[in-house]
Each structure stands twice: as C-alpha cells, then as structure tokens.
C-alpha cells in the first residue's frame, strides 16, 4: 500500500500539505525531510537516510520509536475497539489511566478530564477555572494572570494567556484580557544578572501586589519551571512554590502547564514535585503516550470538581467535550508508557544523562556565536547571537537557527530550533554515546557559522 517514489511524495507534500509553524513559500523552495519509519532514537526518511531524533519529534517521544510494549498496547486494544465515546459512557483504558495519573500526580489532584493535545488541556483548565467561580456564585472574576513570553498552545484561549509577540500578536483583537508579569528569566537576567533568591522575591512581590489589590482574578497560569517555547527560559529557584503560596493566601486558583515538562523531561515525573507544588489544575500532554498518539489531560481537585455537581436542571455541569475525549487506543498506550517508566527505571537511568548534558553544555560557552546556554533537567537551549560582546542577535529573516539545524542534518542529527535557539530535547532513553554525537555535531555546526558571518 502507498508504494510511491520519493519524488512524487515530495511533490504532493508541497502541493497539498500546509505544515504547522512553517513558511510554506520557503518550505517549497527547500529539500525537506519526509520520515518513513523509526526505531529507538532513530528515524529514517524516504531515501533511507538515518537521523537521531534529537527533539523527540517535537518533545513528545519518551522511550524511543517502535517500542515493543507500546506497539503491543496499541495492537491489543485495536483488536478490541479503536474508539468509543466518553460523553455519558466510559471505557476500560480511560478509567485505568485516570486512576494511574492521580496516583503519580501531586497530592490533591484527584480528577482527570481528557482531551487530545496540550493546548486543549490548557483551554479546559481556563474554562473550568472560570466556570468554577460562576458555579460558586462569585461574580466579577474574569481576568487571568500570566507571564510575558508564555506559551500554552495555539487555540484562542491558550493564546490569550500566552505572551510571545511573534506567535500571538496577530490575534490580539480576538483575545480575552490578562495581566502579564515579566518573564522570570529575562527579568532576573536584566535586573540582577542571574537567577537568584532576590529576583524570586521581587517577582513574587509584584504578583502579591496584584492579588491583594484586585478581586477579579480567576487564576494564575504558568508553565512548570521553564518557558520552553520562549527558548528554554528557566524560572529562578522557588518561584513556582512562591506563586502557589500566594494563590492560596489570596484564594486564587493556580493552573500549572506541565505539557512540555511532564513525564520526565526535568528529571522527575512532573516538575511540580521538585518544588512541592500541588496546583488546582495541572495540564498534561506531549509525553503522556510516549509520543505515540494524541492525548492530553487536565487534572484538578475535588474542590473544583464538586463545584460542578448538582441536579440536572441546575445546569452546573461542565459543557465541554471532544469527539475523541478519552480515546481507547490513546489511553491504552499511555498506560503502557507509564508501565515502561517503572519497568525500565527510566527516571533513575536519566539522572547521569542530565549530569552529562550539564557538563557538555559548558563547552558551548566557548563558541563565538553562542550568547547563552540554558538547561532544566533534560531540556536545553543554546542561543545563537551575531555578536557575543554586544548581545546582538542575528536578523530574524536570516533563519540562522535553521541553517545550523540543516548542517546537523548532514551528519544525521534531526533538530528544530526555536528561532535562533538550538533546542536539545532528546528521548529519555538515548544512550550517552548517542548524546555525545548529537552534542559534537551541534558544536561543529555552530562553528561552521564562523565561516559565513
């Protein structure tokens, strides 16, 4: 089936397929990768060329491609039933997964609402938080507090609480109102020169000043420990915990977006664990199925859930749902994903790799066109600059990050930058020699810039 020559596939790809976050005029002018199969941390394109998947297929692959246990989970469920609705009915894998997610999540997050991707998980949290206050009879709450440089997905609600001008500015007239605190990393670096307790205290005071002076705040929403899509911008120590303490003090809800950070990316199952934070909502996606199928989840508390209980005629229930909510196949592979974490001791084996990554990242500071190096757990960003001394960036239109990524492709490493930030988000199961090859290749590709600039 589908035995087509590569040239035909390339032609049809450019003729019919509109790709996400892609300037299609440029895409049509270039040679692009069309992947056909994967095994472990490797991908093969339609010409049989092999690449290390150094971005985990956009940060979602956990245990590698074509994992036998995950494959089997999908096939076993497929032989039973692929999908049944969860609107007023249920299915076995969705029930089992909900129980398991509650068991591994911060204490108090006892209810699970499914969706298909991280933006939807955030959208659901936004609507639930707003609806919660309505059901409680509290009037006038219609404002969210978020962060500059935030990214929570691309649906209108998620964009409203976002803060990346390049991605979100076009849609500003469509969006609901928010209050934005400064990006913690950028604020700390500009004012204090580093991430430090003094900066944490400064940011928390700004938040407290808002919370104690307003009664219209629905919730505070932020990513967990790092603003990943903004270029891997980590939070100062204790910031997330401090925010949680303030939301409790001022009776405000807290939404934590663990879509990018969840399922081991920061070294623990969820970043919230590292600061002892249990929010009112936790949004999950990406790695929840090990990178196999679209699935996301919004976890919340009994307090929130109970506010939606009532007689049918009261119409308190949550009017939200998708066709594939709690899909049987996706929930089955998500369960297998969590079993692999336990059986293969994934998080335990990850710790020396995080240490190796930290050590190897120091080498990038020596490079002429590297202006900053950032890391949280197994997530890293290397920022490229035209002039290190002046902090001058490359012009956006030069696509310098993509040029470096294309160089890496020549040596069999698949990367996708965030602007001019080279992102390393490797599958958790990558071996240390494979890590070293990725890092060596990226260093070489950045050095090649010196010949062009």
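Using N, Cα and C of the backbone, Cβ positions are placed for all residues, glycine too.
The pyridoxal 5'-phosphate binding site feature in Swiss-Prot is assigned to 118, 119, 257; the stated evidence is sequence analysis. The annotation substrate binding site is assigned in Swiss-Prot to 151, 286, 321, 416. Residues annotated as N6-(pyridoxal phosphate)lysine in Swiss-Prot: 286.
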Do me a favour and check the Cα-Cα span between residue 151 (substrate binding site) and residue 257 (pyridoxal 5'-phosphate binding site); whole Å is fine.
9
Within 10 Å of residue 118 (pyridoxal 5'-phosphate binding site) (Cα-Cα), which of the binding-site residues 286, 321, 416?
286
Out of 118, 321, which of the binding-site residues has the smallest number of neighbouring Cβ atoms within 10 Å?
321
Near residue 257 (pyridoxal 5'-phosphate binding site), how many other Cβ atoms are within 10 Å of its Cβ?
30
Report the residues of the chain - excluding 118, 119, 257 - with C-beta within 8 Å of the mean position of the site's C-beta atoms, for the recorded pyridoxal 5'-phosphate site, in sequence order.
117, 120, 121, 122, 152, 153, 158, 259, 283, 285, 296
Would you give the longest CA-CA distance, in whole angstrom, between residues of 151, 286, 321, 416, the set recorded as binding substrate?
32
Fewest Cβ neighbours within 10 Å, where candidates are the binding-site residues 286, 416:
416
Greatest inter-residue Cα distance in Å for the pyridoxal 5'-phosphate-binding set 118, 119, 257:
10
If one measures from the C-alpha of residue 257 (pyridoxal 5'-phosphate binding site) to the C-alpha of residue 286 (substrate binding site), what distance in angstrom results, rounded to a whole number?
11
Can you see whether DSSP assigns residue 321 (substrate binding site) to helix, strand or coil?
coil
In sequence order, which residues at least six apart in the same chain have a CB under 8 Å from the CB of residue 119 (pyridoxal 5'-phosphate binding site)?
152, 153, 154, 155, 158
